[in-house]
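Here is the structure we will look at.
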């Protein structure tokens, strides 16, 4: 059972509310709207706002009390934009270019069954780096993900970057199936908590699937300000919520 007092449920998107990069199902959408009648709900994802809309609907800011794309670097509350932070003013152009150039030369040397396009996506709060390229098809995405599980392509890439850019104040975080994020230290999903910690919640629940060390849900999952639940799929999220808030 849930703890008494005002509470907020924060959900990761991919693998938690939806299948990776897929749209939310009608059943899950309806379930969350019912849940919202009992408790405040919010989403926090690494993706940009457009991708969150693609997955959760164009009216996402009306359907959730809080929407935090890019780990909360972009923040919406009660349907209105709260704030937007950007990576270039924080890190400076020189470091960003060094990072982009290094990633592109590393990707050029990696042999994969397939490579597509958009290897680096520049977002407000992070760089998203994909060895196969974000424009791959769903089938190619799954093929890469299966290969990555065996060969640790992303893990090796990240280990190399951590060595190369040690001491530069950067965090490298693997999430989803085909990419990893690079952002300033402290700009992980915990960043979104600054937007909610003064809103009077007694408990902030967090649900995510990449909660292991190195996963992009790990920091917020283990943060003392949250009660974390590790899930394997949207069905799992729903089951736990039903147990907590029935």
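Every residue gets a Cβ built from N, Cα and C, even glycine.
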Which of 188, 199, 209 belongs with 12, 14 in the Mg(2+) 1 site listed by Swiss-Prot: 209
Around the Cβ of residue 149 (N6-acetyllysine), the count of other Cβ atoms that are within 10 Å: 10
For residue 14 (Mg(2+) 1 binding site), the number of other Cβ atoms found within 10 Å of its own Cβ: 23
DSSP three-state assignment (helix, strand or coil) for residue 123 (alpha-D-mannose 1-phosphate binding site): coil
